[in-house]
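One structure below.
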């Protein structure tokens, strides 16, 4: 039982890792907590659903469409909302992202209603290994996320774009003097973040039914994961996501499963109280 | 002056947002391969002046040119490409990047600057040999003096004609200040013109060829460093602008 | 039509109370609260559970007090946090309240909700007729809360709060206990949210968890932004215009036949989102902005000496 929960927790954690990474990247480069992560994930689920079920595309093509759609939405939100409010401080941006979140969620609701939907994928038998039940979807989730994480890691550490993103996160005006345009890097960050959230939406849609609140269900856990890792730290976000995933699933041993989300909240609160900088990274106390 | 000045500033005015002018009509020329110290009391506009030259503050009036090229309307990055490199005060390296990454980033997004290549990297690392041995160290883990060397090196990688330094001694111990000033002399010897904004007047005048005193955003005095060394600072800083 | 205007007036009253509370916390004290809905829900459930037993007025007081206590507790734990983190903790609090209400069926009847909540002056209402008595009650409640909050904003306490918002370091250096003042502001805001929840429960006479979604929080933010952060008077205008806009869109259904109920509600919620973004961009100072002053100027000389 415990081993099964631990395994499920790792997979849930991997699923959380992509949006947590997206949240932390936006926080690093653009300096605000993007409340619209959940809604953008929802948009990814629906974009993939349209491609897969209505247009009959295979899941890989549907995933690509989801990534492109959410990246586009991120660019639009950046161009018309976030960039215009950039100088007004991180809370104004956070409130604006709440507005963006409502818009995206309700565009999905307007076109697709509140009904639950699922992808058109063949059901397959779970595998049994050492007494643990492993679903096909869990394998897909794990492989996709690991590949994405490796790709993002390589991008951030070994490419000029990755260096530029980290440089802008450190000190945007110094980066400007070095020839790195903040605006360009901001746009590229949205493309990357949009792609991650789009893929996360596809994986979430494999794991549970797709409805306008699919992303909201993960919202608190995503924030908990990113805070646990120290907002702004990519590796921290991934470790935070795995911890939150395992903690949520394992909590079933001691508290009713209805209260899974409370675990995330308790982790955030405990962490902020006892260690204000997260596992790795930023300061959380104010003057 | 018969030679083209390395740095030429005329009637420069600048300020923040909709506020009053902080830089209030500065005119000066600087001969190539010299160190010009810019000194003045707190709030005299020294730092704003050098930020304006680097392109981080909007120019409201006047012109700035580097080796005869007008850069008044250019973005910060274009100014670097035109031959003007800038080292800000204190927060002048990327702390989460390694030394090697800081150095790579210093040139990989610069377009249109000649002489930016492996040879320049060799020359710069020869000036600061300590950096070459620690390329994998995170810049955030460096001491104040090491950080300053990395900041100089990053700026010099762009093969600048003019190097703008904003208070390189800030936050450093006296011993490290002396090392930093030595490094600036080496930089001049390598053929670079240095505009040195300093609060530490004694250290700056020690190595400078000439000095200007800024008071209330205007030049109140310009003379050789030796002459200014002998003068009374109180008289200079609090004298009425002529 | 009259019945319709009555509905709008009452909805405006509830929105105005929630908005006034957020305006105190965020507008005047600079403490962002994304868990508004949680405090409103606590007030509504406290009222629904207690009013049949102890009467509407004591129940409303308990609702306010309970919200204030929980608010103070959350503030004690988290008010030191940088605002992005405070935002996240309060979002989490709102969700926890919703989960507790949904799952503790022995107390809250879970998703079934609680019905037959008694209204204030119910017998008088029957005598005179319909909602007239209730609307007077609602408007009077808003007037009383508005007057109290306005007095507070003009008091030394209110001035110090705004000083803290504009520059906490300077205000602390002038000898003010920034932490305690922030906790108090958060608690007072929580009390008003609890009372707004009570009014909500009285009006609908039936509550269930589906009424307390993060949208309630979004309404409150939009009202504060529309009114101009910090201004109580602006907040009233903001709350009126938002409810008029929202309720106005209900008429769309009569003219546009191609959209169904779900689409209509999606349209309205999407409009709220677009409204928040547009107001932030186009009218950052709000409809009736608070006059701009420097932090130090907010503290008069005798307060600095104190």
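Glycine is treated like the rest: Cβ placed from N, Cα and C.
As annotated by TrEMBL, transmembrane segment applies to A:6-27, A:32-51, A:57-77, A:89-112, A:139-156, A:188-206, A:218-242, A:262-282.
Contact between the transmembrane segment (A:188-206) and the transmembrane segment (A:57-77) holds: at least three of their C-beta pairs are under 8 Å, each pair 6 or more apart in sequence.
The listed stretches are A:6-27, A:32-51, A:57-77, A:218-242; of these, A:32-51 has the most Cβ pairs under 8 Å to the transmembrane segment (A:89-112). Across A:6-27, A:32-51, A:57-77, A:139-156, the stretch most heavily in contact with the transmembrane segment (A:218-242), judged by Cβ pairs under 8 Å, is A:6-27. Within the chain, the transmembrane segment (A:57-77) has long-range Cβ neighbours (under 8 A, six or more residues past its boundaries) at 36, 40-41, 43-45, 47-51, 97, 100, 104, 119, 121, 187, 190-195, 197-199, 201-202. Within the chain carrying the transmembrane segment (A:32-51), a Cβ under 8 angstroms from the stretch's Cβ atoms is held by residues 19, 22-23, 26, 57, 59, 61-63, 65-67, 69-70, 73-74, 77, 82, 90-91, 93-94, 97-98, 100-105, 107-108, 111-112, 117, 119, 193-194, 197-202, 204-205, 210, 212-219, 222-223, 231, all 6 or more beyond its ends.
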